[in-house]
Amino acid sequence: MPGGGITLVGATNVDRVEAPVTMKAYMMCAFAAFGGIFFGYDSGYISGVMGMEYFIHMLTGLDPPPAGATADQKAYFALPSWKKSLITSILSAGTFFGALIAGDLADFIGRRITIIAGCAIFIIGVVLQTASSGLGLLVAGRLIAGFGVGFVSAIIILYMSEIAPKKVRGAIVSGYQFCITVGLLLASCVDYGTQNRTDSGSYRIPIALQMLWAIILAFGLFFLPDSPRYYVKRGKLDQAAATLARLRGQPVGSEFIQQELAEIVANHEYELQLIPQGSYFNSWLNCFKGGLRKPNSNLRRTILGTSLQMMQQWTGINFIFYFGTTFFQELGTIPNPFLIGLITTLVNVCSTPISFWAIERIGRRPLLIWGACGMFVCEFIVAIIGVTDGSNHKAVSAMISFICIYIFFFATTWGPGAWVVIGEIFPLPIRSRGVGLATASNWLWNCIIAVITPYMVGTDKGNLGARVFFIWGSLCVLCFLYAYFLVYETKGLTLEQVDRMMEETTPRTSAGWVPTTTFAQEMGLTDKGTLDPAIVEDVERKGSVV
């Protein structure tokens, strides 16, 4: 039984480094994905709200155009570009800083408690937004809510990656992206249902409903265990064993649990020998240690994680979900842009479950490569149609069709794939901070795109219209090249085996890599097949001073 001076049986068979899992354990892992719902809902409701007549009147003082108004009169009744930019981007700014802070908290108070704290902060922000009757309080509320979303979006990926079994880790983390799409769909439905209200309920109902998702997630997490890898990092191996047994549905004394825990402990000790932790500031600097020429250096992993999330934002998907309603309004050829927004969101929801199968069957790397290819083809087609015949109703219908196909490619590939990969590529000593940095990168670029897009497409500014898809298509070409040259294949490997794979192979040859030894073997097994007690004691000692 693990505890002070514990004995752990080490695995010598690379197929025995993870315990079998029960259906109950699978469901425990899958529940954490629910965090994606309020992330998606919070990202999605604002697009519809910014097109609501009461909301526009509240923030501008303009009266809605009369029935039968001309296109120019309708275009005049809209939020200025700078207000759209501020309202949309301020959430991402808060989320950027929240994701950075969350990495530290997750190492000190645990993954689970950090997510619950994020839910509490988020609820405070939602209360302020609901109470707002002007721009100031609305922006303040979105900023505070952003901090909460940053906590949850960074650590929920870390938590799921660390507790999920290797065979379905990609599918479970993809479930997080699916829940994001469900949140977006719910937001579209609520916006559609309240758009015609002539009182503050038109925007307050969509805003206030967000609290429900945060309450459900926080309540559920009170009954789930923390990550066993968190306890190993803190040197609490008895709690790590108990948590692992609960997650895998096995007795604590089971040889399966002993072997999986021994592998996690041995890998952690191996990483600590390569780069000791040192002070608080050194622990952050460790994310950037090692040269660019060293394949498995922490620097290269950090660059891979942050740039992968940047590329996901460069696909242009949030242009559709943040500004889709107002973009379709400004085309002037669509009678009900709210309905089109609902359709695009429904395509997103229905497409994402395909990734549950594809990410484990086809793999992370092929999905990202071919997904980027499909997206840039669709975006170039949309841009060409819009430039050549954008005022034709049939041409606009074709544009919407290809936008839906583009969303299908994103939802089945880059949407879940980027989140899955960042949860797998960092070693345990820097994993919380690495995932935090990668998530912060996502939100930084999310914020940048939210700031600049209204100026690019607003009729009072750049007025690019459909030409903006030339920009998104060109960026997706870069995503294609990036995935081909830089993304590793991590399918079917434990997090510890991913660590070794990145030492011994390159992105283009990673799919063929097969583990041949365990960390427990390399770090030292006794004649009785147990992990060297000195390693166990060292991990417990170092964890107690984290």
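Cβ atoms here come from the backbone N, Cα and C positions, even for glycine.
According to TrEMBL, the feature transmembrane segment maps to 25-41, 86-106, 113-131, 137-159, 171-193, 205-224, 303-325, 337-359, 366-387, 399-422, 434-457, 469-487. Summarising the annotation, TrEMBL assigns domain 'Major facilitator superfamily (MFS) profile' to 28-491.
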Residues from the same chain, set at least six apart from the ends of the transmembrane segment (366-387), whose C-beta lies under 8 A from its own:
315-316, 355, 358-359, 395, 398-399, 402-403, 405-406, 408-410, 412-414, 417-418, 421, 465-470, 472-474, 476-477, 479-480, 482-484, 487, 489
Checking distant contacts: for the transmembrane segment (205-224), what same-chain residues at least six beyond its ends satisfy Cβ-Cβ under 8 A?
28, 31-32, 34-35, 37-38, 41-42, 45, 48-49, 112, 115-116, 119-120, 122-123, 126-127, 129-130, 145, 148, 152, 183, 186-187, 190-191, 194, 197
Taking contact to mean three or more C-beta pairs under 8 angstroms, with sequence separation of 6 or more, is the transmembrane segment (25-41) in contact with the transmembrane segment (399-422)?
no
Quick test of the contact rule: Cβ under 8 Å, at least six residues beyond the ends. What residues does that give for the transmembrane segment (469-487)?
304, 307-308, 311, 314-316, 319, 364-365, 368-369, 372-373, 375-376, 379-380, 382-383, 386, 414, 421, 456, 507-508
Under 8 angstroms, Cβ to Cβ: which one of 113-131, 137-159, 434-457 has the largest number of such pairs with the transmembrane segment (399-422)?
434-457
Are there residues at least six beyond either end of the transmembrane segment (434-457) with Cβ under 8 Å to its Cβ atoms? List them, or say none.
81-82, 84-85, 88-89, 92-93, 95-97, 99-104, 106, 146, 150, 153-155, 157-158, 161, 287, 298, 301-302, 305-310, 312-314, 316, 318-319, 322-323, 327, 330, 418, 422-423, 425-426, 463-465, 468, 471
So what pLDDT does the domain 'Major facilitator superfamily (MFS) profile' (28-491) average out to?
85
What residues elsewhere in the chain lie close to the transmembrane segment (337-359), defined as a C-beta under 8 angstroms and at least 6 residues from its ends?
44, 47-48, 51, 170-171, 174-175, 177-178, 181-182, 184-185, 187-189, 191-192, 195, 320-321, 324-329, 367, 400, 403-404, 407-408, 410-413, 415-417, 420, 491
Suppose I define contact as three or more CB-CB distances under 8 A, residues 6 or more apart in sequence; do the transmembrane segment (137-159) and the transmembrane segment (113-131) meet it?
yes
